[in-house]
């Protein structure tokens, strides 16, 4: 008999062989040479990871215990592949069109890229798959122990066997599953290794079957006789259970993460599915054809109490066929390892994409997900996830004790992942399905499944015994074993009907009552009408034409020089003489990164994808492109707003500048005026003082006359300076008003007296109506008098009538008082009327009159300060000025 | 009789002062206080030299100067401009219009007489020599 060490050595050699095959396939795929890799046969063989160690060993056990029931596990997938070919094709098409990376990705994409839903499906998948991985580890350990002779030297430590197996599988998966973050998530190396394992396990089973039928029994006729005699023939099968299990396994092949991985994600060509639709059922048929004979012969020949799960190994061993037993062992080993590898890969993709990376992004505040740094994080997350998933399986195996019947765990796991089915089918065929519906259905179904099946199976007896027997809180109808009080029914069937029923019902109901978001509607249309939205996807084939197209596109974006350099370097790196490199995935990735720097990650991805045809441009791509475009548009509109703002500022500055220029012109004119007004009297003063100084011969009369002129001109200068200062103070608003009680008549008296004193003349007769002047005021009497004096002296200066008269009229109006000064002269010429209040403005007739022309400007300023106004009233014959006193200056009499 | 000078100035005191100074220096002085009729006065009096204030009621001294230079009889008539606007651009404007000299008020009497004498002799302050004037 084969030694345990020998067995281990064979295992190590076998695994090394797998590494070699995977490595070779990976290398050839990278070179684009491995045509056989993308053959439909490899695809079909990779699908057969459906048949795990559970099927390999357990089917015989199941047949020995319950007859033909094991057939349901093959029947479901067979029906799906033959009868529901259209469903598989649609899934594959969607998967390729949307570049789906996992079942969780599929569900979340359909329901508007919901991160929450993806995480939910991921968790469900991990929980549903962990027992399954434990099962594979258990089968490997069990099969090892068959070869071990108890008490012999080097007897196997079953515990450490499981650890080593798990570690080895993790390594293999990490090496070939996470070499790079491929855009379409395909792993040619892994798939070819899996295909090889599928061949090994099929031939191992056929070999054992053939040996049993023709070696142990006497051919088919004998076997049929033995079947007739065995209790298997008499067992009547439970119809409901048959239907239920068939449906369950059919659902499983659609929903199992590992099946989704090989069927959809690793699919290289949609047409392979057509081959698989007959070849895969055929494979299943071959896998099942010898199960009953082996079970019957085993039951017949092996001693009472022998584990029928291990007949595959114990029958050849008992017959002394060590080689055959070893082959059978390798078959089982293959079945276990291939399942674990793909399951770990699928789960790690989901865990890293939908749990770790989103958390990382949240933690790092969403940096660009396509940067190199992020890719490293994603790869590391995936590697850690693989190790984590396998560790979880190992822990579960250790805790569950490892002696349960294998089949029951497998079925429980099936039902767990089948909870995704309503959301999956609904998402593909029903546009009305919503995220909330999917979440509600999955959550409810998952809870029921967990409570009814997982808790009793997994819970350690002591802790939850009370709950198991009496239900939580003493609610017996919630007792896991008999939900709703359904006592005596098949727990698996009950759980299945209950969980999937509630799941579907909640899914439909909630979907009907919730409204899909725009993204959900869009993705829903993309999924349901996938055939209208996607081109027929072809297998990715690198060709010179593609490289040419890529170069043309790259030139358009990067510029001719940079693009040429990039392509030349890549060609050199590939060791090619040609100008153009082979469009390998590595090169495409590099090109995409280069392009992303210029046009954004999503656009670059879509452009490369469009040219290589590896994947059609998905809605997600387009939306991402739209996002980027929107960002650019927002940016440019910000720029636009900025430049509009600048233009406005410039306009304001121009306006201010113009105003300043005008002010400067006005200031120049004003200074020029002041200069003139100051220099004129000074000219007289200087001229006459020089004459006085140098003319000793001047007579006394002349001296006196010249001295008076000097004196008068000095007074004129002083007045001018006074006026200028007064105006400056008034215009600055620094004037302090000295307000008090006074009578209008008194102020007028003061003004009239002052003017007669100033000029000393009485030529101008002033007409007043004293009765009207009895108006009590609250105002600055000095300032008001100043205004009146100015107006009276103006009349004295400019009234050109022969008998000059000034009429002062007081009008009491509601809320104000008006005092009008009207003379009988010619008045102010119409074109002068708007100018007379300007500084230094003097009428045409002002020639002979003294004064610098500041009087009216000052008076108007004063009236403004007093809250009233000063206006010229045209069309009155003579000049007529109106002084308006505000209501606030009026004091109750 | 000395050189005949027409003095166009609206400020009565300044007119009196300049008239007094020039008369005592031997000039034949004619005063005129209005810009609008200044050209008539020139035509009537045919002065040898004109002293012209810039700021005049009725008509600006610069306008009068322009008319003098445009008329053939007075194209070469020596003109001394007086102004109380002390800015350089006013002087440049006056000289470019053909004034022979320019004085800013206030001025010293001696300076004024000296300048006027130069102007009357045909020495132009703007550098261009004037044809000989019969004196």
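Just so you know, glycine gets a Cβ as well, placed from its N, Cα and C.
All TrEMBL annotations are machine predictions without curation.
The transmembrane segment annotation in TrEMBL covers A:6-25 (among others).
Outside the transmembrane segment (A:37-59), and at least 6 residues removed from its termini, the chain residues within Cβ reach (under 8 Å) are 25, 28-29, 70, 73, 77, 132, 135-136, 139-140, 142-143, 188, 191-192, 194-196, 198-199, 201-202, 204-205, 253, 256, 258-259, 262-263, 266-269, 271-276, 279-280, 283-284, 287-288, 291, 309-310, 312-313, 331-333, 335-336, 338-339, 342, 405-407, 409-410, 539. Under the heading transmembrane segment, TrEMBL lists A:37-59 (among others).
For A:71-88 (among others), the entry in TrEMBL reads transmembrane segment.
For A:161-178 (among others), the entry in TrEMBL reads transmembrane segment. Counting only same-chain residues 6+ beyond the ends of the transmembrane segment (A:161-178), those with a CB under 8 A from a CB of the stretch are 15, 18-19, 22-23, 26, 137-138, 140-141, 144, 187, 189-190, 193, 336-337, 340-341, 344-345, 348, 379, 382-383, 386-387, 390-391, 393-394, 397-398.
Sequence-distant contacts of the transmembrane segment (A:190-217) (same chain, at least 6 residues past either end, Cβ-Cβ under 8 Å): 18-19, 21-22, 24-25, 37, 41-42, 45-46, 48-49, 51, 56, 172-173, 176-177, 223, 226, 262, 266, 283, 286-287, 289-291, 293-294, 297-298, 301, 312, 315-316, 319, 321, 324, 327-328, 330-332, 334-335, 337-338, 341-342, 345. What TrEMBL records for A:190-217 (among others) is transmembrane segment.
Residues annotated as transmembrane segment in TrEMBL: A:240-260 (among others).
Look at TrEMBL and you will find A:280-303 (among others) tagged as transmembrane segment. Beyond the transmembrane segment (A:280-303), the same-chain residues lying 6 or more positions past its ends with a Cβ under 8 Å from any Cβ of the stretch are 44-45, 47-48, 50-51, 55, 59-61, 63-64, 68, 70-71, 74, 77-78, 81-82, 198, 202, 205-206, 208-210, 212-213, 216-217, 223, 226-227, 230, 232, 311-312, 314-315, 318.
Per TrEMBL, transmembrane segment is recorded for A:323-356 (among others).
Residues or ranges marked as transmembrane segment in TrEMBL: A:377-399 (among others).
Same-chain neighbours of the transmembrane segment (A:405-429): 52-54, 57-58, 61-62, 65, 70, 87, 90-91, 94, 103, 106-107, 110-111, 121, 124-125, 127-129, 131-132, 134-135, 138-139, 245, 248-249, 251-252, 254-257, 309, 437-438, 441-442, 445-446, 449-450, 453-454, 457, 492, 495-496, 499-500, 503-504, 507-508, 511, 524, 527-528, counting only residues six or more beyond its ends whose CB sits under 8 Å from a CB of the stretch. Marked as transmembrane segment by TrEMBL: A:405-429 (among others).
Look at TrEMBL and you will find A:436-454 (among others) tagged as transmembrane segment.
Among residues of the same chain six or more beyond the transmembrane segment (A:492-515), those with a C-beta under 8 A of the stretch's C-beta atoms are 240-241, 244, 247-248, 251, 408, 411-412, 415, 418-419, 421-423, 426, 430, 432-438, 440-442, 444-446, 448-449, 452-453, 483-484, 486. Annotation comment: TrEMBL describes A:492-515 (among others) as transmembrane segment.
Taking the coiled coil (A:636-673) as a whole, pLDDT averages 85 in the prediction. Per TrEMBL, coiled coil is recorded for A:636-673.
According to TrEMBL, the domain 'Histidine kinase' annotation covers A:673-889.
The recorded stretches the transmembrane segment (A:323-356) and the transmembrane segment (A:6-25) share 3+ CB pairs below 8 A when only pairs 6 or more apart in sequence are counted, and are therefore in contact.
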